[in-house]
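Swiss-Prot has this to say about the protein:
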BINDING   152, 153, 154, 155, 173, 174, 175, 179, 194, 195, 196, 236  FAD binding site
BINDING   155, 175, 236, 268, 269, 298, 299, 308, 336, 337, 375  NADP(+) binding site
DOMAIN    92-220  domain 'FAD-binding FR-type'
TRANSIT   1-61  transit peptide
């Protein structure tokens, strides 16, 4: 069902000395109806206005896009377990799923190809947000003749209900690993990533062997629906956060009503490399009080020292707010290339020292309180 929202309304209301409003005397004007997808919430402000024969108060009603329709999901039985599913399918006995779709996520100027891959598991490999699937590419392991390839882990980029909201699919965010010879500069297909190329080259209907799900470090804590979650990613490390944010802002789950703050920092090379940017930008518009989104574009932006803008530079820029939020119990997550962590740790240590704090002690406390979540590869 669509909703009509009043974007602006002004009504002239006669009032007595005790400000009681006579219902029969309302006169409306300046009605504008826009965007069908929002349900209106009115805020009232009263100010005196001389209308000639009698003093009136003008009640100005401003409308916020505060009730955004969400998607109905099923089966809600996926909310019942108190513990996350773990290793339901072992690498030696993987589940055979089916490729639903493969979509290129990045633009032509991105350095490399990243794909969004939807897999149909028919409800047989359930998972929670923040977990990973193991993928076993077809073929033989060249280092172990007669044996299958090793398992490659990929963070799941959807909620437990999947992109179709029916609990039967899971999505992966995969960057194609291509090797270029450092001397000739030419691609050497024999050294390309086996699993990432298999996934990005897959077609709808192709079969895929998956193991898992695995992982508990990046699970989204849901004991406090008003908690703050600071999410830091480079590249495909944004995958689990897409799942978090869809659960927070897109899906209608009766037992989970998010009212806290989600703050995403995403570092990529350039605008063409941004992943799921349209989704995140929409959340920013729809939920300005509950979502913040900062991007670091290393090949297009400069930091305060004139160097490349990395995600740690954005962290330093907002460090006062971040540290205050951490002091108040915020969770902070890091996901992406392993090489991102040294620069981030150095930045956090430098900021802590400027604040007269010991970063080692603070980090120890964050880990003790289970506020610190890291998954790098």
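Using N, Cα and C of the backbone, Cβ positions are placed for all residues, glycine too.
The structure, with features from Swiss-Prot marked on it.
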residue: 154; record: FAD binding site; Cβ neighbours (10 Å): 23
residue: 155; record: NADP(+) binding site; Cβ neighbours (10 Å): 26
residue: 173; record: FAD binding site; Cβ neighbours (10 Å): 23
residue: 175; record: FAD binding site; Cβ neighbours (10 Å): 21
residue: 194; record: FAD binding site; Cβ neighbours (10 Å): 17
residue: 196; record: FAD binding site; Cβ neighbours (10 Å): 23
residue: 236; record: NADP(+) binding site; Cβ neighbours (10 Å): 23
residue: 269; record: NADP(+) binding site; Cβ neighbours (10 Å): 20
residue: 299; record: NADP(+) binding site; Cβ neighbours (10 Å): 14
residue: 375; record: NADP(+) binding site; Cβ neighbours (10 Å): 18
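If you take the Cα of residue 173 (FAD binding site) and the Cα of residue 155 (NADP(+) binding site), they are about 8 angstrom apart, rounded to a whole number. Considering only the binding-site residues 152, 154, 175, 194, 196, residue 299 (NADP(+) binding site) has 175 as its nearest partner by CA-CA distance. Residue 269 (NADP(+) binding site) sits 24 Å from residue 152 (FAD binding site), taking the C-alpha atoms as the reference points. Along the domain 'FAD-binding FR-type' (92-220), the predicted structure has mean pLDDT 97. Around residue 336 (NADP(+) binding site), taking its Cβ as the centre, 25 other Cβ atoms fall within 10 Å, counting all chains.
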